[in-house]
Amino acid sequence: MTERVQVGGIQIAKNLYDFVNNEAIPGTGIEADKFWAEFDKIVNELAPRNRELLLKRDEIQEKMDTWNREHKGQKLDMAEYKAFLKDIGYLVDEPADFKISTSNVDPEIATMAGPQLVVPVMNARFALNAANARWGSLYDALYGTDAISEENGAEKGRGYNPVRGAKVIEWARNLLDGSAPLASGSHKDAAKYYIDGGKLAVKLQNGDVTGLKDESGFVGYTGAADAPTGVLLVKNGMHFEIQIDASHPIGKDDGAHVKDVLMESALTTIMDCEDSVAAVDADDKVVAYKNWLGLMKGDLEESFEKGGQMMTRRMNGDRTYTGADGSELTLKGRSLLFVRNVGHLMTNPAILLKDGSEIPEGLMDGLVTSLIAIHDLKGDGKFQNSTKGSVYIVKPKQHGPEEVAFTNEFFGRVEDALGLPRFTLKVGIMDEERRTTVNLKACIHAAKERTVFINTGFLDRTGDEIHTSMELGPFIRKGPMKQAAWINAYEQWNVDIGLEAGLSGVAQIGKGMWAMPDLMAGMLEAKIGHPKAGANTAWVPSPTAATLHATHYHQVNVFDVQKELANRQRASLDDILTVPVMEDPSSLSAEDIQQELDNNAQGILGYVVRWIDQGVGCSKVPDINDVGLMEDRATLRISSQLLTNWLYHGICSEEQIMETMKRMAAVVDKQNAGDAAYRNMAPNFDDSIAFQAAVDLVLKGREQPAGYTEPLLHAYRQKAKAKYGQ
């Protein structure tokens with residue numbers, strides 16, 4: 001039984017109450033009694049409004065279901081469909097043209113373009129790795145991944161392979177030639193780098209001395225001018241440092257004693273309290289909030305054993321250089337941090353309201369994470385996150401402008417409660433629900449003084465696409481879905497609306513995750529498409545991926561791209577509204593159907609078993625072909641909703657689903673054989689809470705609000721914690 005403290009009209013789990021009073025509040029200048037009194041007032045006043053917004057979702061969905069049932073199997077008459085959507089309040093009138101007026105935005109968001117990490121804030125080690133991923137070794141990123149082929153003797157092996165090393169160095173020199181070309185010759189022929197009269201001089205192997213073709217690309221250096229240990233360059237706002245050390249194992253054999261190229265990598269990181277964590281009660285929420293506090297104060301540490309030695313990870317300090325003009329230059333050593341709160345749907349037993357109901361978790365997140373961020377705003381921590389006095393909060397899974405307006409109002413209430421200037425709290429709007437996509441301009445307008453990013457998310461957005469139009473017919477397979485007309489239009493529309501609303505130079509226009517952390521060669525080839533599409537940030541699955549993706553922003557000046565795109569015709573709303581149902585379900589072979597069932601069932605089970613049994617909300621889960629995929633609740637939503645849809649429309653039977661689930665459970669068990677903490681699902685399926693959760697996500701998928709997986713996951717995780725004593 002949870003021990004609780006009664007404060008006014010709320011009952012707070014004692015461990016959360018103690019954490020806030022004894023750890024979060026000291027140093028903020030806020031009085032604990034006043035904080036809880038304001039907290040009580042805000043949540044008890046706004047919780048009913050929160051519930052009303054959720055009821056409106058249900059009412060709209062019921063009307064959609066009825067209309068879709070009546071039009072099943074018919075070709076959509078787009079004029080009729082849009083009139084219906086307007087009639088039920090799904091599609092609202094677009095506001096007149098406007099530009100966002102967000103102020104005090106850090107340059108990493110407003111005027112720079114580069115990779116973004118998303119990490120579970122409950123994992124301190126991951127959080128620290130991400131915070132420190134502002135800078136990364138290009139040599140390590142290339143050597144340790146498939147970005148460099150293992151062909152022709154370039155295998156990774158156990159020790160250092162000089163053949164592979166040579167390929168890494170060649171790749172890096174090519175990057176230097178592209179990002180910092182010399183007036184004559186190539187970086188491959190460099191014999192010495194030095195500073196002469198505030199400019200970079202490069203002595204070549206043939207004795208010639210040259211410099212940069214564009215001298216403004218030289219920013220600063222470390223060490224002595226005539227023998228620098230580091231040369232700092234910049235391309236399209238992204239810094240990179242040629243590191244020189246003749247005594248280093250790599251540097252000693254290099255023509256110019258270059259040991260590495262250090263890349264400015266993850267400009268921003270989202271510390272996630274949402275889709276990548278499993279936080280179902282006060283114990284879990286305290287872990288999340290405590291790590292966020294450590295990040296805001298700069299004192300988060302994590303000790304762990306590696307190779308038989310204890311190591312302690314901490315946040316990196318800033319980087320200091322001598323500038324080209326001789327003055328001291330300091331660059332941030334850490335990624336700029338956002339925090340992602342949960343959306344409007346879930347409640348949490350950590351706090352009970354005056355009517356005994358659980359608190360809307362998003363209200364709790366907003367109040368507590370903002371309180372904690374005061375440590376950064378006051379500048380009394382070890383490091384500064386925002387140099388502009390802002391707090392960056394990502395708000396996911398909002399449906400339409402009314403819900404964004406509610407967030408905007410709530411943030412204002414939080415600012416007043418904490419004594420913060422208006423619009424200190426900035427908002428990142430995830431464009432991952434269909435009603436937000438089609439009303440994106442109105443959504444941005446509802447928070448036009450706070451918006452610092454919009455971001456597309458293919459997986460959640462597809463999950464909502466399926467659930468919204470569940471009754472219309474069976475949906476196409478997950479693979480072809482990525483090429484469907486609506487997705488391309490959705491991705492373009494997000495950029496078009498963002499540019500119309502004046503986000504360029506003020507806020508981020510973001511793109512989604514590369515979900516295959518082991519396939520970096522593929523990422524290097526494909527993900528340049530994101531900056532080319534006008535996105536000034538895009539999600540990557542690891543610090544290594546951030547370093548490699550950073551090279552794309554050297555090749556593409558995103559702000560130039562945005563200027564060009566600002567004049568193109570906006571993407572078609574009709575395309576976005578085109579529902580990707582199958583034209584001819586009978587064309588699917590039995591083999592096609594089973595393959596899709598196997599693939600989705602395996603992904604569902606592989607993710608759910610770790611979520612339920614171990615409380616792991618984000619992990620690299622091997623797919624059916626043993627390719628490691630980064631999975632979070634978004635991937636689970638699309639997989640479960642697709643199977644729900646196929647079952648509902650008779651593409652497959654419940655018996656088929658169960659047979660597939662049981663067979664795939666054995667596959668997942670085998671894939672996890674090396675994990676000592678793992679609990680097998682097969683063959684005692686009735687005893688496996690995780691297996692039951694996975695099955696329910698499919699069999700009860702139509703009943704889940706918007707196809708979200710959280711209600712079932714939370715319920716089953718709480719069961720597992722009770723059963724296993726976690």
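Including glycine, each Cβ sits where the backbone N, Cα and C put it.
Annotation comment: Swiss-Prot describes ARG340 as active site, proton acceptor, evidence class sequence analysis. What Swiss-Prot lists as active site, proton donor is ASP632, and the listing cites sequence analysis. The feature acetyl-CoA binding site is assigned by Swiss-Prot to VAL118, ARG125, PHE126, SER276, ARG313, PRO541. Swiss-Prot lists GLU432, ASP460 with the feature Mg(2+) binding site, giving sequence analysis as the kind of evidence. Feature annotation from Swiss-Prot assigns cysteine sulfenic acid (-SOH) to CYS618.
Among the recorded positions VAL118, PHE126, SER276, CYS618, the ones whose Cα is located within 10 Å of the Cα of ASP632 (active site, proton donor) are SER276, CYS618. Here the recorded positions are ARG313, ARG340, and the one with the most other Cβ atoms within 10 Å of its Cβ is ARG340. In space, CYS618 is the closest of the recorded positions ARG125, ARG313, CYS618 to GLU432 (Mg(2+) binding site), judged by Cα positions. Contacts of PRO541 (acetyl-CoA binding site) defined by a Cβ separation under 8 A and a same-chain sequence distance of 6+ are given as MET513, TRP514, ALA515, MET516, PRO517, MET630, in order along the sequence. If you take the CA of ARG340 (active site, proton acceptor) and look 10 A around it, the recorded positions you hit from VAL118, ARG125, PHE126, ARG313, ASP460, CYS618 are VAL118. Note: the Cα of SER276 (acetyl-CoA binding site) and the Cα of CYS618 (cysteine sulfenic acid (-SOH)) are spaced 5 Å from each other. Residue environment of ARG125 (acetyl-CoA binding site) contains 15 other Cβ atoms, counted within 10 Å of its Cβ in all protein chains.
Whole-number maximum of the Cα to Cα distances across the acetyl-CoA-binding residues VAL118, ARG125, PHE126, SER276, ARG313, PRO541: 21 angstrom. According to DSSP, SER276 (acetyl-CoA binding site) sits in a coil region rather than a helix or strand. For CYS618 (cysteine sulfenic acid (-SOH)), applying a Cβ distance below 8 Å and a minimum sequence separation of six or more within one chain yields VAL119, PRO120, ASP272, ASP275, SER276, VAL277, MET630, GLU631, ASP632.
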